[in-house]
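Take a look at the structure below.
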Amino acid sequence: MAQEVLTDLNKVRNIGIMAHIDAGKTTTTERILFYTGVNYKIGETHDGASTTDWMEQEKERGITITSAAVTCFWNNNQINIIDTPGHVDFTVEVERSLRVLDGAVAVFDGKEGVEPQSEQVWRQAAKYDVPRICFVNKMDKMGADFYFTVQTIIDRLGAKPLVLQLPIGAEDDFDGVVDLVEMKAVTWRGTVAIGAEPTIEEIPADLADKAAEYREKLLETVAESDEKLMEKYFAGEELSVEEIKGAIRKMTVNSELYPVLCGSAFKNKGVQPMLDAVIDYLPNPLDIGEVQGHALGNEEEILTRKPSKDEPFSALAFKIASHPFFGKLTFVRVYSGRIDPGAQVMNATKGKKERIGKLFQMHANKENPVDEAVAGHIYAMIGLKDTTTGDTLCAQDAPIVLESMSFPDPVIQVSIEPKTKSDQEKLGTAIQKLAEEDPTFSVELDEETGQTVIGGMGELHLDILVDRMRREFKVEANVGKPQVAYRETITKKVEKHDYTHKKQTGGSGQFAKVIIALEPFVGEDGATYEFENKVSGGRIPREYIPSVDAGAQDAMQYGVLAGYPLVNLKLSLLDGAYHDVDSSEMAFKVAGSQALKEAARKAGPVILEPLMAVEVTTPEEYMGDVIGDLNSRRGQIQAMEERSGARVVKALVPLSEMFGYIGDLRSKTQGRANFSMVFDSYAEVPANVSKEIIAKATGE
């Protein structure tokens with residue numbers, strides 16, 4: 001084992017490395033692992049041999065898909081790193097890792113600056129209020145420009161960067177950094193062997209003025225954050241390195257600003273100072289403080305847990321992974337208390353007991369067994385049967401439910417048909433395991449065709465899931481064409497609609513009458529349905545009310561136009577009637593279901609389609625073709641801007657029009673343009689498109 005798990009939480013950092021696809025995140029993580037002594041053979045993403053990219057496809061595709069948790073040590077501090085993917089189809093991985101991090105390193109490409117995916121990941125980090133430091137990577141690349149990248153952090157992210165280093169040289173002549181906190185040059189001149197220690201030098205004469213200018217900006221920012229420091233600064237006294245670092249740390253932990261460093265991970269330059277900055281400026285579990293949750297069965301009663309060994313045990317499961325030998329691994333962040341292997345805990349989310357088999361701290365896909373799990377750390381557990389992503393584990397005598405995670409619904413679906421009978425059986429196992437691991441992966445049975453339909457966040461996401469079925473579970477299957485996950489909704493209010501369910505066939509019959517109102521609705525937290533009971537005076541017995549709600553929700557699975565799920569509506573149960581003998585839960589469920597269907601037909605039903613936020617980067621000369629093409633795909637151009645010599649077009653385009661776009665774009669621009677897209681929102685489809693969708697769905 002590397003070193004004992006540190007119990008002094010001041011010396012622990014739980015961080016993520018977040019970036020755009022090719023900003024060099026995996027290489028940066030690799031270097032961190034090398035310099036912290038975990039990894040003795042360096043893996044390059046270019047060769048497909050990186051430590052954190054441990055699934056076969058990640059090695060092939062050179063992109064990080066699964067956030068592996070890695071533990072390492074630096075100057076007597078423990079760093080637990082969650083590697084996050086930089087591809088938009090894997091937003092679920094980013095979301096779930098950000099939920100359990102205390103801080104993050106945002107890696108930017110020194111030539112490209114802030115790219116579309118960086119913006120999205122940055123927004124997700126802001127959602128969970130994760131403090132960040134910025135590492136401007138690839139300073140050795142042709143066209144790398146540190147000052148341009150810092151400006152893009154201001155312009156594109158609306159963030160406040162605090163420059164702590166200036167680059168010495170650029171491109172092939174990038175030799176190191178000027179440290180503005182200690183006012184010294186830290187250099188790695190020429191070609192540097194991995195692990196080489198930097199040389200400390202005087203600041204080069206040609207950078208002296210620039211260093212003085214940026215040092216002054218740094219000191220002003222530091223002085224403004226603290227009255228004592230301001231008095232000292234205006235009295236002309238020197239601020240000590242400790243005072244400067246303390247002030248930067250405080251502002252970083254409060255997300256008031258974001259320290260910026262630079263380097264070239266690939267060329268082994270700038271990694272050690274970045275690790276120092278992780279320790280100096282990013283928060284430890286004690287800085288984050290207590291975590292909030294609610295009592296079991298009562299969301300109004302707020303409970304808290306402090307990051308201490310002496311508190312009752314509480315943890316959040318943030319990832320499930322399949323392991324070739326151990327089966328199901330559950331990654332957890334422990335927020336309070338301690339637990340031993342073999343102990344029984346409560347899954348408060350599901351109300352079930354679980355027994356922990358073994359405990360590990362992970363290093364990519366190697367396991368280090370530990371004999372206790374303590375507050376503030378990240379572990380992998382074996383033996384949990386019912387726990388899934390977002391579940392709370394806690395002490396049985398002190399239950400608490402921690403805030404879970406919200407995951408978007410899939411926007412794209414494909415049908416999948418096993419080739420043989422044995423493939424059919426294996427497919428069942430594969431789907432169950434993959435669905436456990438990935439909350440944005442959905443599975444349903446198309447009742448008309450009998451086909452299994454799987455859904456995900458994009459074409460690449462589904463490609464990789466199908467690929468994993470083949471490799472890991474040996475399932476051979478035919479995969480259909482991608483289909484868009486449409487939705488249906490209503491546009492008008494129906495004040496009153498009544499429905500009576502009556503059946504008389506010898507003996508006791510069935511009777512239920514409901515009167516409902518239906519109206520468009522969107523909840524604050526993104527909820528797409530609300531049920532309100534307005535029945536008074538026992539017109540419908542209390543025990544039958546939930547059946548009406550359940551029936552309505554069943555009916556919402558299949559909309560009234562083309563059979564797509566109904567969303568964004570509120571159902572109010574106004575009145576009704578029952579029969580002492582013939583009424584039952586089942587009768588009211590049927591009545592609720594039929595009433596909703598009939599009312600929805602009167603409520604101006606429409607079809608919704610997913611719109612994607614598309615960003616195309618293209619050379620100037622192809623701009624007209626690109627815009628014309630997006631318009632022909634029903635795209636709405638949102639903005640155009642210039643970025644590092646190229647033009648950028650931002651548009652909202654229906655997902656149904658984006659299949660095969662990459663090939664068309666390449667042929668129109670001779671392979672010189674690229675694009676990214678992320679799900680944006682659902683919007684009503686135009687009438688002519690709606691007709692086509694309905695005709696296709698109903699076979700007319």
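Glycine is no exception: its Cβ is also placed from the backbone N, Cα and C atoms.
Taken from Swiss-Prot, the feature GTP binding site covers 19-26, 83-87, 137-140. Residues or ranges marked as domain 'tr-type G' by Swiss-Prot: 10-286.
On the 0 to 100 pLDDT scale, the domain 'tr-type G' (10-286) averages 81 in the predicted structure. Within 10 Å of the Cβ of Met139 (GTP binding site) there are 29 other Cβ atoms, across all protein chains. Other Cβ atoms within 10 Å of the Cβ of Ala19 (GTP binding site), summed over all protein chains shown, number 28.
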